[in-house]
Amino acid sequence: MAEGDYNAVREAIADILDNDDYDDGSIGPVLVRLAWHASGTYDKATGTGGSNGATMRYMKEAKDEANNGLENARQFLEPIKAKFPWITYADLWTLAGVVAIEEMDGPKVPWKPGRQDYVDETNVPPNGRLPDGAQGQDHLRDIFYRMGFNDQEIVALCGAHNMGRCHMDRSGFEGAWVPNPIRFANTYFKLLMNEEWKLTTLKNGVKQYFNEDEELMMLPADYSLMQDPEFHKWVEIYAADKEKFFEDFSKVFAKLIELGVRRGPDGKAKTNFIDRNNNDPNPRL
């Protein structure tokens, strides 16, 4: 394959999404989660964290409790990396999330290459920078404002919960947010608005919300979107207008995966801490 043929990489990613042995028959949602968590460590005040560097290759970040289960996503992408050794892990992880969203009937998300892979743990961000689903609106604002997002963007990014499910042995929570967790839509917002949600304590002591028939769940952080007037306004808008949600989600997810990437006037990412030795992407934990 020609070096720099990102369309070929896109096609290869799309080809591995269907997987009968994984949740709901698709690895798409966990690839979106990988792109999200690889980017969501950014701190605008210090310029640290973000998608550049692929720092989840290193034990310190890989072992952050918020990243439990993402070793699966990283391993799923190893055959792609082997087939296209010229692509950095930082680019591969973010591109995989973008492709997964599109393949699950979501919006097209702008994506640019150029991220680099850091050579060691020096620039691994501190643990604890990712959202905690057990918390409420104040926590969401603390986390997302740190990255540079506003209230509308917070709600739009929460819409990623249209995909995937929680696992008690990973996050402590259990279940899916929507009936079809491998199709991107605005169902998450409709359900927040229209279902009756009851706070329940799981057998592990973790609290989450269930709908009346206990088929679907919401995290306390999800439900806080209904309790905060500014957040609630955007939940209402996105529940009523799928096209508006798709438009806003595309923009904000593109912004998310660019966090930590320093680009020059030509749009190319500035080279920094390149891993020229192709270090082990999955350090022994």
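Every residue, even glycine, has its Cβ placed from backbone N, Cα and C.
For His37, the entry in Swiss-Prot reads active site, proton acceptor. Classification of His37 (active site, proton acceptor) by DSSP places it within a helix. Every protein chain considered, the tally of other Cβ atoms within 10 Å of the Cβ of His37 (active site, proton acceptor) stands at 22.
If you take the C-beta of Trp177 (active site, tryptophan radical intermediate) and look for same-chain residues 6 or more apart in sequence within under 8 angstroms, you find His161, Asn162, Gly164, Arg165, Tyr188, Leu191, Leu216, Met217, Met218, Asp222. Taken residue by residue with DSSP, Trp177 (active site, tryptophan radical intermediate) is part of neither helix nor strand, so it is coil. What Swiss-Prot lists as active site, tryptophan radical intermediate is Trp177.
The DSSP secondary structure for His161 (heme b binding site) is helix. The feature heme b binding site is assigned by Swiss-Prot to His161, with sequence analysis given as support.
Annotated site 'Transition state stabilizer' per Swiss-Prot: Arg33, in sequence order. Sequence-distant neighbours of Arg33 (site 'Transition state stabilizer'): residues of the same chain at least 6 apart with a C-beta under 8 Å from its C-beta are Gly69, Leu70, Ala73, Gly97, Ala160, Gly164.
Cβ neighbour count for His161 (heme b binding site): 24 (other Cβ atoms within 10 Å of its Cβ, all protein chains included).
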